[in-house]
């Protein structure tokens, strides 16, 4: 009996040694508008349609991260540790940490923009952290057409017509819809991003943190295959037009190089479901 | 009932001596109760009962929440406000339901009954999981106008609720999942299966009158049962039953799917307890069953996506004589389940 226990213990220790040959990848998200930094409220930008706009709120889900190797193989981050809600208003959410990444060289990263359809329809106990509709995810969920809002941008534009009940020139883009379940189909606005690290050597070392940057261009919601007129579409929340904005924002992410450790005070970063 | 009491006693004993290992096992708390059983004449439930086991403590917590006005922004209305037991958990007499500050909603509240057999919820099927249903009325500005986040905060600060959460789920933690699962547990126990019709089909010594039996036959012959199918009296599909758009242009299912072919379609409601759940239709436009049958006989309007069953051989609606209508209504009233409507276990004590 004692011998057996010793054997089990030594096997466990061996496994542990293997398990330690992993490092972490930190991704620092930098929200921008074209070539300018995104500054909430106080800065005015112009979209491709020529409309002026200021952004008061910008936040989005990214999930289901995969890291690509040169030979085409991938490391898939375990799903429960792979949901993040990035909020411009909260710098600590703009720094996410993927843990237990096998050491080695990686050439790219891919992820889902939004929440995959399976998790969008999952049971309530599977909706933890940033997916908790009565917690962190409270402002990113539609209760009446059950599903997450993948990307949310709000702000003001002088081009918004003051018609109907509108008291202020406000625009709101709340884009979601995961496709529905079974025979109950809806629009599917889930998009994916796949970014190459180019010539950068992104190497994950055991017990170390490798830091990379991703730029998120908020103006891409409005510019792209459809140049959105804020005047004509000041409020898009679901609805057929949401497809055009989702097609646009599918291109809003770009790789932004290797990064250094952020100065203290920028938050500790978030792991998994932003718990 | 005795079993329920026994379970509660086990729970009470277990909550006192914290260190006793046999009591830290949650399965001892989670004993099954007779609160939910599948009626003999019903199909298998579609709700995943294995992922949210119904327990006496869970049902008790869910019932407390259902009757608690703190779920609304200003503590003025509870779920029970628009879902009142004597009327099969509907908003009695209201065409569309009233919410907070007497704001008026856009739809007639559906009965809460037999939800374990439903795979979509609300008139438009916007929610596909019972556990996520309560978030919609809580957060609708015309209904409870609150956020789930705030509701949970209120419950965490309450002196009673954390204990109730512990009894139901093992610890005092108030979480989204537990809150919603407790409400589901209570709502799942609202099973209506003891109408005269049920006792008749189960051969439990109940007979139906000649008119009721004729109505039962007509219900099938005239095609009512094509949509109001099976023992749940619904096929759970979304259909346009030809309501005139002159009273409103609610897109129904089309609002959810954005698909033009779903415009003006609504969930086929169950007809159980239909005799007490007036008014009828998604907007409550008909106040009597007579008006409903008159609609199917003479009032069907050709609107986009009208269900083909309501336009056969070029004729709109379902031809019925006055006598046939009366017999069908007599049959529909056999679906009224007095035991369900008066069951004291469903009420907050």
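Cβ atoms are placed via backbone N, Cα and C, with glycine included.
Secondary structure at residue B:79 (heme c 1 binding site), as computed by DSSP, is helix. Summarising the annotation, TrEMBL assigns heme c 1 binding site to B:79, B:82, B:83.
Residues or ranges marked as domain 'Cytochrome c' in TrEMBL: B:210-336. For the domain 'Cytochrome c' (B:210-336), the model's pLDDT averages out at 96.
When Cβ atoms from all protein chains are considered, those within 10 Å of residue B:227 (heme c 2 binding site) total 19, not counting its own. DSSP gives residue B:227 (heme c 2 binding site) a helix state. Residues or ranges marked as heme c 2 binding site in TrEMBL: B:224, B:227, B:228.
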Whole-number Å value for how far residue B:82 (heme c 1 binding site) lies from residue B:227 (heme c 2 binding site) (Cα to Cα): 26
CB-centroid shell, 8 A cutoff, heme c 2 site B:224, B:227, B:228, site residues removed: B:219, B:223, B:225, B:226, B:229, B:233, B:234, B:235, B:268, B:271
Counts by DSSP class (helix H/G/I, strand E/B, coil) across the domain 'Cytochrome c' (B:210-336): 53 helix, 14 strand, 60 coil
Chain-internal residues near residue B:79 (heme c 1 binding site), provided their CB is under 8 angstroms and they sit 6+ positions away: B:65, B:66, B:67, B:71, B:134, B:137, B:183
Same-chain residues at least 6 apart in sequence whose Cβ lies under 8 Å from residue B:82 (heme c 1 binding site): B:90, B:91, B:94, B:97, B:98, B:99, B:109, B:137, B:143
Length of the line joining the Cα atoms of residue B:228 (heme c 2 binding site) and residue B:83 (heme c 1 binding site), in Å: 22
Residues close to heme c 1 site centre defined by B:79, B:82, B:83, Cβ within 8 Å: B:66, B:78, B:80, B:81, B:84, B:89, B:91, B:109, B:112, B:137
Around the Cβ of residue B:228 (heme c 2 binding site), the count of other Cβ atoms that are within 10 Å: 20
Neighbour tally for residue B:224 (heme c 2 binding site), based on other Cβ positions within 10 Å of its Cβ: 22
